[in-house]
Amino acid sequence: MAAAANLEDVPSMDLMNELLRRMKCSSKPDKRLILVGPPGSGKGTQSPIIKDEYCLCHLATGDMLRAAVAAKTPLGVKAKEAMDKGELVSDDLVVGIIDEAMKKPSCQKGFILDGFPRTVVQAQKLDEMLEKKGTKVDKVLNFAIDDSILEERITGRWIHPSSGRSYHTKFAPPKVPGVDDVTGEPLIQRKDDTAEVLKSRLEAFHKQTEPVIDYYSKKALVANLHAEKPPKEVTAEVQKVLS
């Protein structure tokens, strides 16, 4: 059992702000969301807004896998064994790590799943896990956008590594070029944010993930967003869909 957090050294203002945040969140409806869309479609821009607005936890499977491996949890140990052998981590392991993450207090009002499921089999396994918990996916937000628009978006993208905040030299520039607005720390460009890598990733997306959209469409859960619009207009669409 994890040791209880020592709150005595936490500044009173921080405690009050967190208490007020939780009181505000208590009146929000529970939501379990999946974000689907090709790289550069705006998921990374919208997910923090959705997370804060609806008091959800953001579950990025890649980050969770790395955290589980680093923490040497039972599932993390199994995942590391697969990685060390050069194997893909099994769908059951990933779903298990999502299951564990959902037990955190920050996930009590629901979650945003980003980067999973990527295949219909993964979607089915996720549904089975949620059904055992007496819950289900409420909405799948499909960030629909034409491939031709994505190259300009991708090659101009800059990231703040520790927070995940994303910027764009043309569409959403930081106040100071190359610097995060909040912390003042330097921004980076991902190594795979190139036209060549984008083409490969789009081919994989269309082949693997579009059947997932069809799977959830048959359950009447998919909301198609006009992801080519400016971020504020996409945010307004999201709010309308989730209201």
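Using N, Cα and C of the backbone, Cβ positions are placed for all residues, glycine too.
As the structure is a computational prediction, the values presented were derived from the model and not from experiment.
Classification of Gly44 (ATP binding site) by DSSP places it within a helix. Gly44 (ATP binding site): 18 other CB atoms within 10 A of its CB, across all protein chains. Residues or ranges marked as ATP binding site by Swiss-Prot: Gly40, Ser41, Gly42, Lys43, Gly44, Thr45, Arg157.
Under the heading AMP binding site, Swiss-Prot lists Thr61, Arg66, Glu87, Leu88, Val89, Gly115, Phe116, Pro117, Arg118, Gln122, Arg190, Arg201. Residue density at Arg118 (AMP binding site): 18 other Cβ atoms are found within 10 A of its Cβ, drawing on all protein chains shown.
Here Swiss-Prot flags 60-89 as region 'NMP'. Within the model, the region 'NMP' (60-89) shows a mean pLDDT value of 86, rounded to a whole number.
Positions annotated as region 'LID' by Swiss-Prot: 156-193.
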Query - Rounded distance in angstrom between the Cα atoms of Arg190 (AMP binding site) and Arg157 (ATP binding site) - result: 8
Query raised in the report: Where Arg157 (ATP binding site) and Glu87 (AMP binding site) are concerned, what is their Cα separation in Å, rounded?
Result: 30
Requested in this report: Quick one: pull the CA-CA distance for Gly40 (ATP binding site) versus Val89 (AMP binding site), whole Å only.
Outcome: 25
